[in-house]
């Protein structure tokens, strides 16, 4: 019995972590307005695991009465073959589709190796990324002025404008050392940026937010407080924006943006040639 | 003049953040042993920006003397058309390739909307993710026993075994509330887990690491210290592993694993049906 006549189960099958298969499958399925249930099958790197995956997929096919959709990023051709030959599913094979034409274009053979994140785990880039996470944690919320000059980016903005998640995302995904600094009532009274930041103006990037949304977010943490009141949020946001405008600091509003969009916009500003 | 006869420039073009295009392009190119320079072109969401992208791509084609490779996740058909018609490049179009066959399979039309991460920015899932980041930050390094029962996972392990990056990754990418707790000499002397963790045994997950690697990592922070010495690292790791074994806590070694692989393995343990 299908749970719903429209629901489809979508399998994300990979020899590795399945992160690529997940990004691949979800971005394609996001083009359709329909309810979807995702099942991720990572580390399918042997014939035995391939047969277990086939069994799981075929059980769903039988229970739901429609073919499941299977997105794969498998490089082991034997595993691919079993999946294609034995599942009652629609198999979307990212690698077969694109790697073959590329082999012709480039005039070289692909090596069919599993894209192991662990290959990079020993690389300098990976160590830099770990270092960036530590740096960004230590320089979260204006905790530390020491080493500020090593920052790739310094985010500023009122409390709860999205600085911390953005910092951590940039560090985790791009290995950027990101500091963040709250703008607080003291700064507004003095009408200038925190003095420790002044030497690093080219690295500053501001985050702002609609006062209504800010008040909502702050009220989740400290309900009914003056800190969370709409009046205070309006005051802080207006002062922060005026200060950034005076200081010539670039800024963007996080109100309707996701961390991914905020991070991409910042990267474009910091590295405008897209070469990252 | 080409920089190198083998170098290719690979463009990652998207109407949105380009994160999907990047994952797509890099995973395909990782199948080839050749030097590649990536250029990401996000937010290409108008004809004007499409023409600028074409110009940029064609300039590279001319300078390098070989066709660039272009990976796209564009949904705007006019933008796709300009890119296909006017670039001297090999265009790999993820959406056109997979969306059309899916339309036939599903019997519905795709909506050709840009996969906006901001659509999710207002969703409950997105708020949960922000909440998970805050939770994981507050419960980093055993800082807080309060609210420990709300954790989805509690990571334990010796200092510098990879707990913090793993916690943040699980929170950022999967919205899991992850606490992490260091195992310290005091615990080893007492020969039992930190007492505050005992009620939450089913949520515990251990990280361990080769003593040699641990000593290397600790020496970067505190060179020549007893804390970083191989002898002390051997002692701590042996004690931590013995303690986890006695307590029946699942654990894995992070030595040769990336954060992505550690996180995926933990997710498989915590949610074994792959339904996340």
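Quick reminder: no glycine exception, Cβ is built from N, Cα and C everywhere.
For residue A:162 (ADP binding site), the same-chain residues that are 6 or more apart in sequence and have a Cβ closer than 8 Å to its Cβ are A:207, A:209, A:254, A:259, A:262. Positions annotated as ADP binding site by TrEMBL: A:157, A:158, A:159, A:160, A:161, A:162, A:163, A:164.
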- Highest CB neighbour count within 10 A among the binding-site residues A:159, A:161? A:161
- Residues satisfying Cβ distance under 8 Å from residue A:157 (ADP binding site), sequence separation of at least 6: A:163, A:180, A:182, A:183, A:206, A:207, A:208, A:209, A:240, A:251
- Here the binding-site residues are A:160, A:163; the one whose Cβ sees the most other Cβ atoms within 10 Å is A:163
- Message: Sub-8 Å Cβ contact with chain B: please pick out which of the binding-site residues A:157, A:158, A:159, A:160, A:164 have it.
- Response: A:164
- Note on the structure: Cβ contacts within 10 Å for residue A:164 (ADP binding site), all chains included, total 21
- Message: Please give me the CB contact count at 10 A for residue A:158 (ADP binding site), counting all chains in the structure.
- Response: 27
